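Q: Dropping a structure here in structure tokens format, bear with me for questions.
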Amino acid sequence: MKGSHPNAGSLLEPLHKLNPFSENSTSGHRKNASDHSADGETRPIAIEMKDSKGNTVPVGNSRPSKASNWLAGLMEDKNQRWRRSMEDTHICLYDFGGNQDDGFVAVYDGHAGIQASDYCQKNLHKVLLEKVRNEPDRLVTDLMDETFVEVNSKIAKATHNDICGCTAAVAFFRYEKNRTRRVLYTANAGDARIVLCRDGKAIRLSYDHKGSDANESRRVTQLGGLMVQNRINGVLAVTRALGDTYLKELVSAHPFTTETRIWNGHDEFFIIACDGLWDVVSDQEAVDFVRNFVSPREAAVRLVEFALKRLSTDNITCIVVNLTRNPGDLDDSGLTADNDSYSNDYY
């Protein structure tokens, strides 16, 4: 993993040095009209896109196949007691880029509207995929950084809104070196978080970019901004995000990135969720909680219910990704692709 945390442990292999402060997309379309076969069996929906050269290329599948060796489960809740609208979006793709068992999972937490998070949900993975295809020899973490910056530059024009923004937590994992090793790449901007379970221990793979963080507060003030009650100019609580064009000189789109080798038998799952969960549940609490469940779907559902009981006041989106899948595991993920934005239609 690029970088380390105090509880990282000896299995965290440093692959590259970590810097914690470190064109026109086209809509994807589904290759198949239905995800059910004639006998009623649920099957993956293949998602494709046009690349910058006009070629049709695979993006991934909306559901796992019987051969998939990982499985994700989702739960989202508007938290209507405190919120009038749902501004979170997410995406989960199996066989990302047409490569068996590669995956892309992301959560986007919008603020001042859903437009920025919706744009990221529909486009960020495609921008990253094209960069990985076109520049296979470059560090993936560098490509993720460039992807965040590029997507950020397009949000205001695409949404006709310079106030909306979103935090982002992105995970891309794949097999490398002729499938002799598996690597998890992550990037986040803002306070959406990614936590890996390794031998039962919580390993945080993200950084909370908040006004309350001394490093981030210092960065903002050095750029001429004011921190008022841990908010940029008294307005925005996160210091890194996508969008927020009206604060573009102060709010950075450059993500915190990590690169972690996945060790079979040690790395069980990771949790990717917005701050609606993490505001009331610690990393280790979440890991301990999820380990009580075999199904990632049930784990995600129960974890969100737990956060609501702890009086979370925000929208909550939580995805639990089991890095190994036992034969016979059902696709009970709660993830669907009933529309081209792959979300908001689960129940």
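The backbone N, Cα and C atoms fix where each Cβ goes, and this holds for glycine too.
Feature annotation from Swiss-Prot assigns Mn(2+) 2 binding site to Asp109, Asp275, Asp314. Annotated Mn(2+) 1 binding site per Swiss-Prot: Asp109, Gly110, in sequence order, evidence recorded as similarity to another entry. Annotation comment: Swiss-Prot describes 32-41 as compositional bias 'Basic and acidic residues'. The domain 'PPM-type phosphatase' annotation in Swiss-Prot covers 71-323 and is backed by sequence analysis. Among the features that Swiss-Prot reports, region 'Disordered' is placed at 1-41.
I would like each feature placed in context: is it buried or exposed, what are its neighbours, and how far apart are things?
A: When secondary structure is read from DSSP and collapsed to three states, Asp109 (Mn(2+) 2 binding site) falls in the strand class. A 10 Å cutoff on Cβ-Cβ distances gives Asp109 (Mn(2+) 2 binding site) a total of 28 other Cβ atoms nearby, all chains included.
Taking a C-beta cut-off of under 8 Å and a sequence gap of six or more, Gly110 (Mn(2+) 1 binding site) has these contacts in its own chain: Glu87, Asp88, Thr89, Ala116, Ser117, Asp118, Cys164, Gly165, Cys166.
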Q: Taking the Cβ of Asp314 (Mn(2+) 2 binding site) as the centre, how many other Cβ atoms fall within a 10 Å radius?
A: 22
Q: Please state whether DSSP places Asp275 (Mn(2+) 2 binding site) in a helix, a strand or coil.
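A: Reduced to three states, the DSSP call for Asp275 (Mn(2+) 2 binding site) is helix.
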Q: How many neighbouring Cβ atoms, not counting its own, are there within 10 Å of the Cβ of Asp275 (Mn(2+) 2 binding site)?
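A: Within a 10 Å radius of the Cβ of Asp275 (Mn(2+) 2 binding site) lie 22 other Cβ atoms.
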